[in-house]
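**Q** Supplied in structure tokens, the structure appears directly below.
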Amino acid sequence: MASFPDSVNENDIGKAKCIGELLVPVAPFDQKSGREAWTVAFAPNGSYFAWSQGHRIVRLIPWTKCLKNFSTGHGGEGTNASSPRRLSCQNTDGNHIIPVAGEPREHTIDCGDIVWGLAFGSSVPEKQSRCVNIEWHRFRFGQDQLLLATGLNNGRIKIWDVYTGKLLLNLMDHTDVVRDLTFAPDGSLMLVSASRDKTLRVWDLKDDGNMVKVLRGHQNWVYCSAFSPDSSILCSVGAGKAVFLWNMDKYTLIQKLEGHHHDVVSCEFSPDGALLATASYDTRVILWDHHKATVLLELGHLFPPPSPIFAGGANDRWVRSVSFCPDGRHIASITDDRLIRFWSIEERAPQAIASLSNGLCCAFSAEGNVLAAGTRDGSVHFWECPRSIASLQHMCRMALRRVMSTQQVEALAIPTPLRDYLTYKVI
């Protein structure tokens, strides 16, 4: 059993550069369960980075300040992979570091219970609440509003004002762990929560956190959910082999994608909405054309790959998390074999790898040049992503696929090679 196919020489694969770490204070109780960094998240506008550092605590850090500390080592010299910049969380004064006037504040938030899910949400004023019958609302979110939703071990969801660190809402309908949270990217402040109580719940924060709908269909724990870029489709995955797709205008199940052989634990759409990446304990990341329910690409982490009958068992190649780069061409995956892999959708072997023990989650920065990865000890590691210039062809494809489904592209009177490229059949 190997991490790479025989045709790939591991020594030829590039090594990703670690540019920094955020470390947590060391205390005797840190060795106990509850110290894991289950989630890391970047604000959509790139202003903040947040992570659940374990033991009920969430850290909110201005991203430009964080990145500046990473890019400048001691004495003003740039950092390198062998000596990444390390920042401890022990330098806080109360709830936040004393900022320079006018600069974004850093916050340390005690959520009252273990934090499993994090999500940033921003408001667009013209996106009204779907609850049209209520004229009065407690909260009126402005265009410059930035919220952080935290999903807790006790089933509660707490909504915080990022700029002040103050608690705004406390949502309490789930009956078990809230494993994951995701905001609709259209600025409507519609929030979806995925829980171990086997449900997904849709909340309207512009209606003071009113619960709009309960999505039922999963037979076991729900691990993760993700909106398509146009907010029309929701993908959800969990303790089961199926990938669920939901129509978020009608709140109905569209279809289930079948192809994984073990629990599916992570999912994310490509920036143009044409592709869907799902990660599973069966050691694979699958790239789907969700419009046609077909598999376009499989990214393997164990060779030879386990047969379906054996893929349901434990192994040291469980994929924990997958994330799509904003450039639409790269994917990152974290597995139990202590490696981060950076993939190009044009290749079946990783473009770059990096060592990381006990990785749990990952997310790309808004610009796509940095990957953050959370670990079981509550720390976060940052990696410089492989750099490449996207072709004009790919940029045109992304622009077109943002507004056209696979079926619409196939109906165009264009040459077959071009049609195959636009539908990602030829990636």
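Heads up, the Cβ atoms here are built off N, Cα and C, so glycines get one too.
A TrEMBL annotation is a machine prediction, not a hand-curated record.
As annotated in TrEMBL:
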REPEAT    141-170  repeat 'WD'
REPEAT    171-213  repeat 'WD'
REPEAT    215-256  repeat 'WD'
REPEAT    257-289  repeat 'WD'
REPEAT    319-353  repeat 'WD'
REPEAT    363-384  repeat 'WD'
DOMAIN    386-427  domain 'SOCS box'
**Q** Counting by DSSP, what is the helix, strand and coil composition of the repeat 'WD' (363-384)?
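**A** Helix, strand and coil residues of the repeat 'WD' (363-384) number 0 helix, 13 strand, 9 coil.
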**Q** Do any residues, 6 or more residues outside the repeat 'WD' (141-170), come within under 8 Å Cβ-to-Cβ of it, and if so which ones?
**A** 43, 45, 47-48, 50, 52, 58, 60, 95-96, 104-105, 107, 109, 111-125, 176-181, 183, 189, 191, 193, 195, 197, 203, 205-206, 208-209
**Q** Looking at 171-213, 257-289, 363-384, which one has the highest count of Cβ pairs under 8 angstroms to the repeat 'WD' (319-353)?
**A** 257-289
**Q** Residue counts in helix (H, G, I), strand (E, B) and coil for the repeat 'WD' (215-256), per DSSP?
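**A** DSSP classes over the repeat 'WD' (215-256) add up to 0 helix, 24 strand, 18 coil.
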**Q** Count the residues of the repeat 'WD' (319-353) that DSSP assigns to helix (H, G, I), to strand (E, B) and to coil, and report the three numbers in that order.
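**A** Looking at the repeat 'WD' (319-353) with DSSP, the answer is 0 helix, 20 strand, 15 coil.
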